[in-house]
Amino acid sequence: MLDRIRVVLVNTSHPGNIGGAARAMKNMGLSQLVLVQPESFPHGDAVARASGATDILDAARVVDTLEEALSGCSVVLGTSARDRRIPWPLLDPRECATTCLEHLEANGEVALVFGREYAGLTNEELQRCQFHVHIPSDPEFGSLNLAAAVQVLTYEVRMAWLAAQGKPTKMEKFESTSMLNTELVTADELELYYAHLERTLIDIGFLDPEKPRHLMSRLRRLYGRSAISKLEMNILRGILTETQKVARGLSYKRSDD
């Protein structure tokens with residue numbers, strides 16, 4: 001199960017931190033490491049800091065974009081230490097672990113995303129995350145080393161996984177009582193939906209592309225905190241398609257007859 005959690009490091013500048021993150025992952029039973037445009041990898045410092053977790057480094061995927069790194073994920077959790085203009089669902093590490101387990105029990109793929117050592121994740125990158133995770137360190141000295149942050153979250157995930165052995169999760173209970181298809185949408189499917197939604201809002205005159213303000217960011221937050229199933233996504237996409245037909249004066253399926 002833990003092999004469906006990917007640790008995503010974005011634009012890491014120090015290769016030693018990649019090695020330290022790999023060691024933290026292997027300590028806690030995780031194996032998927034994805035690197036988005038690392039400044040220097042592979043590198044001897046990464047191997048040295050991995051301290052025996054070189055199999056994690058050897059299997060690491062290097063990609064050009066965060067979108068590639070998140071492809072196929074049903075939930076994306078991004079670490080953030082800064083206040084943002086638009087509030088977002090914020091979890092502590094323990095809540096993050098619980099959320100991970102619920103999606104794993106639903107056969108989803110999970111991504112834990114960590115930003116640059118000097119600046120973290122950008123606002124645009126954080127908007128690709130359904131949840132933001134904050135490690136409540138001492139505010140007088142709150143900056144954590146990247147590998148240490150990976151260790152904190154992967155430890156909590158492992159503890160939640162151990163505690164859940166033999167016990168039904170909230171997601172399992174939901175599945176046992178629901179008639180709906182509960183296979184969750186992936187991060188890339190959500191991105192396609194957001195693009196479709198934006199085009200539709202422009203078509204009906206609700207969104208001015210010249211003055212978008214924060215509308216799409218707020219809508220991302222709204223949908224991001226919901227566990228949307230593939231069936232529900234099909235319904236939402238169908239509604240948008242029919243709305244676009246009406247806006248463009250085309251024939252559409254529904255009628256009042």
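Note: Cβ is positioned from N, Cα and C throughout, glycine not excepted.
Residues or ranges marked as S-adenosyl-L-methionine binding site in Swiss-Prot (evidence: a curator's inference): Thr79, Ser80, Ala81, Arg82, Gly115, Arg116, Glu117, Ile135, Gly142, Ser143, Leu144. Listed in sequence order, Leu112, Val113, Phe114, Gly115, Gly120, Leu121, His132, Val133, His134, Ile135, Ala149, Leu153 are the same-chain residues at least 6 apart in sequence whose CB falls under 8 Å from the CB of Thr79 (S-adenosyl-L-methionine binding site). In the three-state DSSP scheme, Thr79 (S-adenosyl-L-methionine binding site) is classed as strand.
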Under 8 Å Cβ to Cβ from Leu144 (S-adenosyl-L-methionine binding site), same chain, six or more residues apart: give me those in sequence order, or none if nothing qualifies.
Ile135, Ser137, Val152
Least surrounded among the binding-site residues, given as Ala81, Gly115, Glu117, Gly142, when other CB atoms within 10 Å are counted
Gly142
